[in-house]
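Asks: Take a look at this one; I'll ask things after.
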Amino acid sequence: MNQQELKKLVGQAALKYVKEGEILGVGTGSTVDCFIDALKVSGMKIPACVSSSERSTQKLLSYGFKVLDLNEVERIGVYVDGADEIDSNFAMIKGGGGALTREKIVAMVSDRFVCIADASKKVDVLGKFPLPIEVIPMAVRAVSREIEKLGGKPVLRDFTTDNGNKILDVHGWSIENPIQWEEHLNQIVGVVTVGLFAKRGADVLLLGTENGVKTFSA
Ligand code: 5RP
């Protein structure tokens, strides 16, 4: 099976966690696109979704799903999203698609985070995938200097987030203690969000492998 087939497999598998009649949190990325496709085909009755990006919002609306602003919603039962890397404690690097800030906000108000990923995303130590950090535009150089002091190599992505900010992709870190790194990097003035999801990691991992979908629970 190629990577796209594995993404479809886990997108389909995530339907098991969706509860009809409940507001659903929907993440961003090509794996989530497969999930949204599967959701549409399933015909499940979802009163509304809360989305983590304009991209997912447009896709959901095009399929006839209602999308609510998070300010209209108090709690979300289940949030389905992908990851760029995930370790054995279910800490993740996210933000490859640039939606990390909204993803972290939706994850915060969700009772259950279901991570869907193909097998290539499972790692022992986070950091091979460059860590995305969303930054206020005027702070790009200042934050870059702080990151360099910590041994990271920041690369400015040619991209503007849904929130009007920039993203630095940081190479060269091996992240053994993701909770501490998340806390530390979030303290740098000018950083909006670091793409480490360790303090609030995933609760369930659906991993697409050659032998089918493997389920891991926190
Ligand atoms: C977007 C994300 C995505 O979940 C992550 O980049 C994985 O994407 P894909 O499913 O396309 O591999 O964090 O900001």
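Quick reminder: no glycine exception, Cβ is built from N, Cα and C everywhere.
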Asks: For the substrate site that TrEMBL lists with Thr28, Gly29, Ser30, Thr31, Asp81, Gly82, Ala83, Asp84, Lys94, Gly95, Gly96, Gly97, give the additional residue from the candidates Lys59, Lys121, Lys122.
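Replies: TrEMBL lists Thr28, Gly29, Ser30, Thr31, Asp81, Gly82, Ala83, Asp84, Lys94, Gly95, Gly96, Gly97 binding substrate, and from Lys59, Lys121, Lys122 it also lists Lys121.
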Asks: So which other residues, same chain and not among Thr28, Gly29, Ser30, Thr31, Asp81, Gly82, Ala83, Asp84, Lys94, Gly95, Gly96, Gly97, Lys121, have a Cβ within 8 Å of the centroid of the Cβ atoms at the substrate site?
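Replies: Neighbours within 8 Å of the Cβ centroid, excluding Thr28, Gly29, Ser30, Thr31, Asp81, Gly82, Ala83, Asp84, Lys94, Gly95, Gly96, Gly97, Lys121: Gly27, Val32, Ala117.
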Asks: What count of other C-beta atoms do you get within 10 angstroms of the C-beta of Thr28 (substrate binding site), across all chains shown?
Replies: 28
Asks: Using CB under 6 Å from any atom of ligand 1, narrow the binding-site residues Thr28, Ser30, Lys121 to the ones that qualify.
Replies: Thr28, Ser30
